[in-house]
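This report concerns only the one structure given below.
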Amino acid sequence: MTLLDILPSLRGTTRPRLDPNIWPLTTGVDELGRITVGRVALTDIADQYRTPAYVLGETDFRTRARRYRAALPQAAVVYAGKSLLTTAVARWVAEEGLGLDVCSAAELATALAGGVDPARIVLHGNAKSCDELRNAIDVGVGRIVIDSPMEITYLAGLVRRPQPVLIRVTPDIDIHGHRAVTTGVTDQKFGFALADRRAARAAARILATPNLDLVGLHCHIGSQISDPAPYGEAVHRLIGAMADIRTEHGVLLTELNIGGGHGVPYVRGDAALDTGAFAAVVDDALTTACAAERFQRPRLVVEPGRALSARAGVTLYRVCGVKSQPGGRTFVAVDGGMSDNPRVALHGAKYTVALANRHPLGPSVVATVVGRHCEAGDEIVHDVELPADIHAGDLLAVACTGAYQHSMASTYNMVGRPPVVAVRDGASRMLVRRETTADLLSRDRG
Ligand code: LLP
């Protein structure tokens, strides 16, 4: 039940308390005004697991995975584990029929522990070590995406049987989307440039290496992209490059991996990538590019991370204190911060926050929610409307925190990282436990 159900007279005069585009699909408000996710009151999670805590809606994650498969029936959907990975998440990914993209030894180990078929794992990374490559080959990962000349040298010495590989190329596409991060341009660390024949030279070396089976090209043009057009452009450029390889070497590449970067809304009014529109643009680009080059349509692979994991996650914080400074600003300090959410300081990310333990009735105040860390930039949400009577002990929930938070958390100030708690159908279960002071001290050898 939402606030609007309880106060029907407000209907039409105010917006819903929790924007369904930002909060998990299973979010609700119970009769006490407590926010629920997966039919579990967030106050119960906070009481049982303490705060801060990452809450993950399993139904949300699985539903979005299914929607992707439905929107792109001809494509392989490979979830980018860097956005959020635990063994349970890996298991959901496998059960929903997705592949998994990993970029470190521990991500690979987590995927395998979660029961992901190695053949459905794609290994990424711009600085893979020889040991990482050896391990990936030994466990039988389905695809290795080659990102540097040194990797070709390592792989040449390691492969004893055919290993499918792709080349990561930079198609020189500059996305100017809102808050987007660009990785598709030439002047950055990833991939081989199409320009200057760097990618062509890598292809020639790989094709000349026994047991390196070049199956396709890969690109990842950036993050938080809401306009599907750049993906269409990427398809055109990569099909052109695949046609050039056919001409030069007589080899037909059959796989086109166009990465992830699909945008999601963090605050009201943010644009999101429409999966249907994306599918249509990419399909159209494949049809026209393949016709122009008389190229056989390759198997399409997409690698969304955030679009599957971000909205499944909510972070819970307990309010520690409220302070009004002489300058007029009100600071609401909570028991977490930049250690569990580095994205505000790192990317200037904006978030949506809500009071989770009671109805936010009465007058409101514009406040800044700050963390507990010794850094002035340790903010979670800037200038947000909160109830004027907010006080220590209240519970705040921050939406859209499933992606790049647990996976990017630190232990700054020796604050242990929060637990990850999954909710579904009225029940909660801990996927990752809280990091304790004993955990932190256990690495210190004195
Ligand atoms: N594939 C490759 C090769 C990638 O490098 C990435 C993300 C993805 C797929 C998934 O992108 P997604 O769909 O999740 O946007 N730390 C930043 C995000 C960095 C993403 C890097 N690569 C943030 O906090 O927003």
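Numbers run from 1 along the shown chain.
Glycine is no exception: its Cβ is also placed from the backbone N, Cα and C atoms.
Predicted automatically and left uncurated, TrEMBL annotations should be read as such.
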Do you know which of Tyr154, Tyr404, Tyr412 TrEMBL groups with Gly261, Glu303, Pro304, Gly305, Arg306 in the pyridoxal 5'-phosphate site?
Tyr404
Gly261, Tyr404: which of these binding-site residues has the highest Cβ count within 10 Å of its own Cβ?
Gly261
Of Gly261, Glu303, Glu375, Tyr404, which binding-site residues are close to Lys82 (N6-(pyridoxal phosphate)lysine), meaning a Cα within 10 Å of its Cα?
Tyr404
For the pyridoxal 5'-phosphate binding residues given in the record (Gly261, Glu303, Pro304, Gly305, Arg306, Tyr404), what is the largest pairwise C-alpha separation in angstrom?
15
Could you check the binding-site residues Glu303, Glu375 and say which one's CB has the fewest neighbouring CB atoms inside 10 Å?
Glu375
According to DSSP, which kind of secondary structure is Glu375 (substrate binding site) found in, if we only use helix, strand and coil?
coil
Taking the residues the record says bind substrate (Arg306, Arg343, Glu375, Tyr404), how far apart in Å are the two Cα atoms that sit farthest from each other?
27
